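Written below as structure tokens is the structure these notes are about.
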Amino acid sequence: MKIIRVQDQLEGGKVAFSLLKESLAEGATTLGLATGSTPITFYQELVNSDLDCSALTSINLDEYVGLPVENDQSYDYFMRDQLFNAKPFKESFLPNGLADDLEAEVKRYDQVIAEHPIDFQILGIGRNGHIGFNEPGTSFAEKTHVVDLQASTIEANSRFFASIDDVPKQAISMGIASIMASKMIVLLAFGKEKAAAIKGMVSGPVTEALPASVLQQHDNVVVIIDEAAASELD
């Protein structure tokens, strides 16, 4: 696990984008993408670059259950707004949170991942150590699955909604085993509220109680953090 300390989120996005360019030069064609506030500066770098994404495939980590794609809090909307409208990809996959049969959708998404192995995966990390929507206690062997979101995650995401009652209670998430199958993983974290999770991820025991700790077992992980997120590291 390589750790790169940066001044702020802006620099973090630039560093992540430079790593992406290196991966693309080495033949990467499939990107695993994340949502939320953490990767926004990475997407801004991508949008403002001259990079042509028309031959690339993207696979998103997760999507809320029950939100229409036109809802501005759906991850489908987020990805179009932050990236795809400006930089169309050859193919862009997200879980369908409106599927009538969620278990069938889970199987479909596992098939998508199997057919498009991820070369470069962007991750954030939750305060409780979640990656994707893989909450504490999720099996490291889990593939795509329907998640009941923990209260801490619902509370953290409520800032994006009019009321905490509007936050979806479930999501479809790529599993930890799916994430670990990526060739390269770049995890971004900024702010003091992520410091405890970063410490556990980097130097704590590998435990399903802190999902991100499994990244210690991956042979190509780069962690990009600001000083606040790094503040509990030795």
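Cβ coordinates come from backbone N, Cα and C, glycine included.
Feature annotations, reproduced from Swiss-Prot:
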- Asp62: active site, proton acceptor (ACT_SITE)
- Asn128: active site, for ring-opening step (ACT_SITE)
- His130: active site, proton acceptor (ACT_SITE)
- Glu135: active site, for ring-opening step (ACT_SITE)
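Positions of Swiss-Prot features highlighted on the structure.
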{"residue": "Asp62", "record": "active site, proton acceptor", "Cβ within 10 Å": "23"}
{"residue": "Asn128", "record": "active site, for ring-opening step", "Cβ within 10 Å": "19"}
{"residue": "His130", "record": "active site, proton acceptor", "Cβ within 10 Å": "25"}
{"residue": "Glu135", "record": "active site, for ring-opening step", "Cβ within 10 Å": "21"}
In Å, rounded, how far does the Cα of Asn128 (active site, for ring-opening step) sit from the Cα of Glu135 (active site, for ring-opening step)?
8
In DSSP terms, helix, strand or coil for Glu135 (active site, for ring-opening step)?
coil
What is the separation, in Å, between the Cα atoms of Asp62 (active site, proton acceptor) and His130 (active site, proton acceptor)?
12
